[in-house]
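Each remark here refers to the structure printed beneath this line.
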There are 2 protein chains.
Amino acid sequence: MPVFLDTRDEGFEAEFRRLLTAKREDSPDVDDTVAGIIADVRARGDSALCELTERFDRMSLTPEGLAISRDEVDAEIAKVPAEDRAALDQAAQRIRAYHVRQMPEDARWTDPEGATLGWRWTAVAAAGLYVPGGTASYPSSVLMNAIPAKVAGVERLAICVPTPDGAINPLVMYAARVAGVDEIYRIGGAQAIAALAYGTETIAPVDKITGPGNAFVAAAKRRVFGRVGIDMIAGPSEILVISDGTGDPDWVALDLMSQAEHDESAQSILITTDAEFGRRVGQAVEARLETLERRAIAGASWRDFGAVIVARDLEEAAALSDRIAPEHLELCVDDPAPLSERIRHAGAVFLGHWTPEAIGDYVGGPNHVLPTARSARFSSGLSVLDFLKRTTLAQMTPEALAAIGPAAERLAAAESLEAHGLSVTARLSKLNCGPE
Amino acid sequence: MPVFLDTRDEGFEAEFRRLLTAKREDSPDVDDTVAGIIADVRARGDSALCELTERFDRMSLTPEGLAISRDEVDAEIAKVPAEDRAALDQAAQRIRAYHVRQMPEDARWTDPEGATLGWRWTAVAAAGLYVPGGTASYPSSVLMNAIPAKVAGVERLAICVPTPDGAINPLVMYAARVAGVDEIYRIGGAQAIAALAYGTETIAPVDKITGPGNAFVAAAKRRVFGRVGIDMIAGPSEILVISDGTGDPDWVALDLMSQAEHDESAQSILITTDAEFGRRVGQAVEARLETLERRAIAGASWRDFGAVIVARDLEEAAALSDRIAPEHLELCVDDPAPLSERIRHAGAVFLGHWTPEAIGDYVGGPNHVLPTARSARFSSGLSVLDFLKRTTLAQMTPEALAAIGPAAERLAAAESLEAHGLSVTARLSKLNCGPE
């Protein structure tokens, strides 16, 4: 049974803290294993990749077979039903339209001292996208990772997707094609991250790695961070629904289950100002759990990490939500705009009864790669900014240097960095001598 | 002696690769030590902090004394000469003016299907800034970290700065005051990072940690990444100067030395299209190295990692620069704009003869916390964006859901996520039944 809490109960704060700090992941310490795998790939390149893939994905592989060829992709795509293609096309178009708006602008201005300042954004040259394999090999994830990269202007986009026992997901191949992915490799786990970061004989190294993955992938991303850029360490999915008791309990139940069905470690929480509505949602969840295909997973998630919290009012609900800093937040109220204004820490907000979170997973437009485990306190979902970097620009005139140089000389002296100061002094001396 | 290379030489590519991959840092493997320190601070809080500070910074400390009090700060500030204050005030004003322009805009629009989409930026609630101690305790670093945080809207800003043997840097205190820092703690190393990430009895945890540090600090930041946000793992400083032979060899020599004097692991490189100019810069460096206060450090850096490269033309110079992806890049040519356009990977570009890199360290306006060790390929200098996060927003109308919901149902089915699909189906069914 999930937790039922009421903020008016005496023990609420302690119970809520327990909920906040609940360890949902086993987080096995795979760091030593991962360090070994990375070292192996760095030392032996393709040979290591092939051996590791044989061991973990049970398929024999040669260096020539690491890449999924264009012909293979064509053959896989031919298996995709036309309706699935159309759905994916619509999703891709909407995701692209949203992300195009994220492109930041360059800037350049001249200030009163005569200094011209500014910045310029440029794209990362090469990016690697990790796509989990097996049952969690999601075509939608390919779109969500690849489209922002291509919108940003990344020239070379490589995907690594493990194909356990050789099974390729045709719709993943179609998504890669639609998104403009340049290379696809049938490798996964820490070895894929190592290959992307350091390169092998066959796989050129990239500059940035994004995409979700299991504990091995996460540990490997953490290890190669610095050598390449990474996006985030994603944890199990979460949804928080805030309801004032309007709307359909079954809709809310399904929204809660749409996260719970991802993973036994997923977390679904309802905060409602209407205790009776909370009970009805609980009942609706139980009813749905009798028939859902993934009821074993969703049921375990709901039982172990689910919660229904009754709050005094929406203000209190919003404050609790900010403490949770949820990955996905649904505002199931008739007029969601004022409530939305109260929310500060959340990866993505879905406003009103007609915006199920699942829309955001596929076709809404915003990215579905979002900060989990309370990291919305300090980080954002994936965006084109993850594939761009900013170069700052500064140009002094002699007059500008005369105006601000003395302060630099003074501070350099205070920091005992003589050459710093002299590099300004030498120029100012020339200036003070007048034109040659 | 630094390396002198010519791109026309037969062995150039091999020599250049050696330069690119030269291991400049010892990178001692302090990870186990750091893991122990973090665990200790998590388990014993303030007591651990005091003991570790006694051990590493040779000063006895009680939990009450962890914070540098307002009165202590006042007393330290009183020691700062008026000219230093004025210089720091000017720097702070210019840094603020630059970073204010970085504030990104919120967005909201309604698309043809009737979906209202957008995003909203909000500030991180609490940030911790690490300031190295000892000789590398730089007031300018305080400004460069704290001002973007405050411009972003961070309410609570805590600094950790070790004070070995109890020595406080008065100008660091003044910089903290000017920048609006809220709390200052006299702790450093991995223990400071642990305290900021997990909190102790005295120090409340923060959401984001920024600032440079030694190997222990870097390893600790890497370990707490995910629990909190971090900025980057900074390495030793670098400068690359591109010159066409115009300008004063002594100015370039001083600019090269202004990085070399930071650290024996720093790297200073000149790429010039004029071999004779390259030789003259080399001679000017040797001359300056006879008198510079920090000649031992600067000389070692120049000897071990310095390089003068003669290129065929500026185009080739720019291409080599992009392979290096330098932290600081000076374009010492008469007309730097066209050359600047050719540069893609650099943390900060300084245009023209009158813009010594040291201006950017103090009073230029752009941030001096910049990506090192070729990470300008995928990351940017510190900015207000490091202290903001973006929440995506989506609101469907019944009509919008009718237009795009079927694609979501289709993709959910393809991904075997039944509840995802049902959360859309349940709503569309209601819609198809017409108004109640």
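Each Cβ is built from the backbone N, Cα and C atoms, and glycine gets one as well.
The candidate list B:D182, B:D207, B:D361 contains one residue that TrEMBL assigns to the substrate site with B:S237, B:Q259, B:H262, B:H328, B:E415, B:H420, namely B:D361. Spread of the substrate binding residues is 56 Å (greatest Cα-Cα distance among B:S237, B:Q259, B:H262, B:H328, B:D361, B:E415, B:H420).
Cα of B:H420 (substrate binding site) to Cα of B:Y130 (NAD(+) binding site): a span of 44 Å. When the Cα atoms are compared, B:Y130 (NAD(+) binding site) and B:D361 (substrate binding site) turn out to be 17 Å apart.
Less than 8 angstroms from a Cβ of chain A: among the binding-site residues B:Y130, B:Q191, B:H420, that describes B:H420.
When the Cα of B:E327 (active site, proton acceptor) is compared against those of the binding-site residues B:Q191, B:N214, B:Q259, B:H262, the shortest separation belongs to B:Q259. Of the recorded residues, B:H262 (substrate binding site) and B:N214 (NAD(+) binding site) place their C-alpha atoms 13 Å from one another.
Other Cβ atoms within 10 Å of the Cβ of B:D361 (substrate binding site) number 27 in total over all chains.
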